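First comes the structure, then the notes that go with it.
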Amino acid sequence: MASPSSTALLKWAQAASRGFAAASAGNPGRKVAVLGAAGGIGQPLSMLMKMNSQVSSLSLYDIAGTPGVAADVSHINTKAQTRGYDKDGLAEALRGCDLVIIPAGVPRKPGMTRDDLFKINAGIVRDLVEAVGKHCPGAVLNIISNPVNSTVPIAAEQLKKMGVYDKRKIMGVTTLDVVRAKTFYAEKNGLDVSAVDVPVVGGHAGVTILPLFSQATPKATMSAEVLDALTKRTQDGGTEVVQAKAGKGSATLSMAYAAALFADACLRGLNGHPVVECTYVESTVTDAPYFASKVKLSTEGVDKVHDLGPLSDYEKDGLKAMMPELLASIEKGVQFVKGA
């Protein structure tokens with residue numbers, strides 16, 4: 001049986017050829033904005049959101065190139081009315097939005113440290129979230145811009161500063177870690193990937209990514225060596241793509257797919273059809289103030305943050321090992337806004 005999110009995306013593709021007549025029935029229209037729509041993630045993500053039958057209005061924003069992306073996407077025969085906005089149109093792009101997806105920023109390149117990435121993307125995310133706080137403070141925020149372990153706290157602190165913070169509405173998109181874990185687990189064990197589920201908890205960088213293969217379904221017995229290899233491959237999936245692209249790109253297509261899955265889950269929750277997905281949110285599940293785990297998405301965003309469930313000894317060790325890095329990344333994000 002396919003996961004709800006995978007099934008939803010398959011339905012988008014199937015319904016596209018029918019003009020979404022069946023798929024759009026009963027779905028209230030939602031306004032969605034993609035900030036960073038002309039980038040490597042933003043373009044395919046914009047196309048996938050145009051295909052989503054729950055979207056009636058699609059705002060595409062970037063500092064340059066957006067009118068062309070919007071014109072291209074707008075020709076797709078689905079109901080979402082699409083408009084592109086450049087650097088002077090951010091307020092209009094955001095006004096009335098139910099969901100704002102932020103892939104804006106630069107990708108990690110060979111030789112680039114996480115600190116280099118942080119310095120560039122932190123300011124971009126802070127400024128975009130400030131605009132969200134001004135023009136659509138009630139919107140659900142899906143933050144893709146890396147490093148997510150820091151950019152989600154940055155978003156939260158910025159909204160707190162403005163007096164419009166709602167912890168239920170701020171989510172870091174870690175779905176690509178789940179997508180990778182499912183793919184690698186299914187391939188290694190000869191399973192139908194559409195029937196596989198693997199929770200992934202922690203953060204969204206390196207050792208902070210912890211796939212819970214002990215909770216994977218269907219259950220497969222793996223040696224300690226295979227388990228360790230799959231865990232490390234999930235953690236290093238981004239590096240694998242960067243190296244395969246010979247330094248000329250990063251994970252853009254798989255990230256766009258994962259972001260579209262998560263955005264669809266958020267929209268279904270907003271429309272009164274609760275969904276459980278993994279995402280990085282304000283949390284009391286561990287000692288870290290932000291943590292990725294399964295959450296229930298409902299009409300107000302995050303309805304419930306689930307605990308981790310039973311962990312294997314290997315996973316307990318992984319949880320302990322990630323904490324120093326995760327806590328440091330969170331504090332770095334908090335201090336970026338507080339020190340501004």
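Cβ coordinates come from backbone N, Cα and C, glycine included.
Taken from TrEMBL as is:
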DOMAIN    31-172  domain 'Lactate/malate dehydrogenase N-terminal'
BINDING   GLY36, ALA37, ALA38, GLY39, GLY40, ILE41, GLY42, ASP62, ASN121, ILE144, SER145, ASN146, MET255  NAD(+) binding site
BINDING   ARG108, ARG114, ASN146, ARG180  substrate binding site
DOMAIN    174-337  domain 'Lactate/malate dehydrogenase C-terminal'
ACT_SITE  HIS204  active site, proton acceptor
Cα-nearest neighbour of ASN121 (NAD(+) binding site) within the listed recorded positions, ARG114, ASN146, ARG180, HIS204
ASN146
When secondary structure is assigned with DSSP, how many helix, strand and coil residues does the domain 'Lactate/malate dehydrogenase N-terminal' (31-172) contain?
60 helix, 28 strand, 54 coil
GLY36, ALA38, GLY40, GLY42, HIS204 screened against ASN146 (substrate binding site), Cα within 10 Å - retained recorded positions:
HIS204
Taking the domain 'Lactate/malate dehydrogenase N-terminal' (31-172) alone, what is its mean pLDDT?
95
In sequence order, which residues at least six apart in the same chain have a CB under 8 Å from the CB of SER145 (NAD(+) binding site)?
GLY36, ILE102, PRO103, ALA104, GLY105, ASN121, ILE124, VAL125, THR151
Using Cα positions only, nearest of the recorded positions to MET255 (NAD(+) binding site) (ARG114, ARG180, HIS204)
ARG180
Distance from ARG114 (substrate binding site) back to HIS204 (active site, proton acceptor), taken between C-alpha atoms, in Å:
12
